[in-house]
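See structure below.
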Amino acid sequence: MVSRVIPVDPFDLVIFGGTGDLARRKILPALYQRFRVGQMPPDARLIGAARSSHDAADYRAFAEAAIREFSDADRGSLAAFLDTLDYVTVDASGETGWAGLAERLQPGRVRAFYFSVAPGLFGDLAERVRLHGLADADTRIVVEKPFGRDLGSARALNKALAAHFDESQIYRIDHYLGKETVQNLMAIRFGNMLFEPLWNSQYVDHIQITVAETVGVGGRGEYYDRAGAMRDMMQNHLMQLLCLIAMEPPAKFDPDAVRDEKLKVIRALDPVPPHHIVRGQYGAGDSDNQPSYREAVDDPRSTTESYIALKAHISNWRWAGTPFYLRTGKRLVARSSVINVAFKDAPHSIFGEEAGRHANLLTIRLQPNEGITLRVTIKEPGPGGMRLVDVPLDMTFAEALGPEGGDPPDAYERLIMDVIRGNQTLFMRGDEVEAAWAWTDPIIAGWEARGDVPKPYDSGSVGPAEADQLLKRDQRQWRGINP
Ligand code: NAP
């Protein structure tokens, strides 16, 4: 099964912050890969923009080094890709360089501006792009996360962007939505007859969503210590997974139809009481000499969480009574993103008490080893009566699609091409982001008011023991982090 590549129209893409870490690690390698497979046309132009003074040759050398470090490169296509690059010195919050940028843009083609700079500059950039006449009704702007740190700041950002651009021109990136397997959630749910009739509180006992990382805060300590796992992961990535798992079927796979349904899920979320929340902070690694969280952020008294688990409820007809257990953390035992849909026990066992209790479990692995496993109950082979056993019906997508299925493109590859195509389905709408903050803010305000201190947990573990209690109290338990 060879994936089809449909070239996009020629475009001009300006990367503000083109010399930054994100451009180096993600944006430039992603664009190169799309060029290499023939999706980005050779006459497209990529213009790096930042305050530091460089010429096009410097920027090509920067991009070449980045692509060699973070991507597979072959010499022929890399040279041709580098030919599409240019650079202009521009100050987002001053007047330097804008005339030079205007000269480099070609009329009559798709034009996009990627704001890969600190969020404090988003408003300045939107204003200057508009005031310098660089945008028309079809121009797109791409903004990176974090989109605010609470409802107030997210609203202010939305307002600053809306002063110069229509919502249909604003592409807010949550790179999780660009992951092949995350989109597959919609295909699994709405492309199959099998699951949807059972996808409700009548048949589903509970749902677990886990996004576990093995890495610590690394070089992002300063930012992370002001954010924590709730703002950095739960409010956006886990919230998006929750929406895709819980939303009603949209009438069609169209940007606003999908985003309307996601928004309804967020708005139906109940407030989360304190005893449904567990925050944790990792200690030093025993075996790998890695620093503890407090050492990594250089604050021996930090009370920021590097782990959070919580129990959420969605108050609507489909989900009333079905808890959603969400957890995410750093320095955990494995890197994995997985969703477990635990079905209820059969209403009556015809096999009697001794057959034990058995329930189906659908495990959706987003990474690694993308695939799904359905645990089904069968008779244990052999004589000696009707004993039941649960066995996995397992499918790994890579095996099912065969070697020609190839590696899925990186999330940024898909998302940037969607910007050029003008498809907003995988981007967060302003009201969606605000609703997510409206749910998050009181949770954070609650623990700040209580002076809550995160529970310590060992690096390389599954998180604090208190998170196990969260489920044990409901006679449930977490599935393994590494399914
Ligand atoms: P970074 O490494 O600090 O780079 C910032 C870039 O912005 C540099 O190119 C810098 O170049 C430029 N810049 C700063 N002030 C400017 C101004 N006044 N006018 C024009 N350019 C200016 O930051 P980053 O890590 O790439 O992050 C960029 C954005 O992506 C941030 O919003 C961040 O939160 C988000 N993000 C990053 C990552 C990541 O993995 N890095 C992941 C998710 C989201 P000059 O100093 O030369 O101007």
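In case you wondered, yes, glycine gets a Cβ from its N, Cα and C as well.
As given in TrEMBL:
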DOMAIN    14-184  domain 'Glucose-6-phosphate dehydrogenase NAD-binding'
BINDING   Gly17, Gly18, Thr19, Gly20, Asp21, Leu22, Ala23, Arg24, Arg51, Lys145  NADP(+) binding site
BINDING   His175, Lys179, Glu213, Asp232, Lys330  substrate binding site
DOMAIN    186-479  domain 'Glucose-6-phosphate dehydrogenase C-terminal'
ACT_SITE  His237  active site, proton acceptor
Secondary structure of Ala23 (NADP(+) binding site) (DSSP, helix/strand/coil): helix
Minimum Cα separation from Glu213 (substrate binding site), reported as the residue among binding-site residues Thr19, Asp21, Arg51 that achieves it: Asp21
Sparsest-packed of the listed recorded positions (Arg51, His175, Lys179, His237, Lys330) - C-beta count within 10 angstroms: Arg51
Recorded positions whose CB lies under 6 angstroms from ligand 1, from Asp21, Lys179, Glu213, His237, Lys330: Asp21
Spatial neighbours, same chain, of Asp232 (substrate binding site) - Cβ under 8 Å, 6+ residues apart: Pro146, Tyr224
Closest of Gly17, Thr19, Arg51, His237 to Lys330 (substrate binding site), Cα positions, recorded positions only: His237
Among His175, Lys179, His237, which are recorded as recorded positions, the nearest neighbour of Ala23 (NADP(+) binding site) by Cα: His175
Rounded to the nearest Å - Cα separation of Arg51 (NADP(+) binding site) and His175 (substrate binding site): 26
Whole-number Å value of the largest CA-CA distance among His175, Lys179, Glu213, Asp232, Lys330, listed as substrate-binding: 20
Nearest of the recorded positions (His175, Lys179, His237) to Thr19 (NADP(+) binding site) - Cα to Cα: His175
Proximal but sequence-remote residues of the same chain as Asp21 (NADP(+) binding site) (Cβ under 8 Å, at least 6 apart): none
Between Gly17 (NADP(+) binding site) and His237 (active site, proton acceptor): CA-CA distance (Å): 23
Integer Å distance between the CA atoms belonging to Gly17 (NADP(+) binding site) and Lys179 (substrate binding site): 23
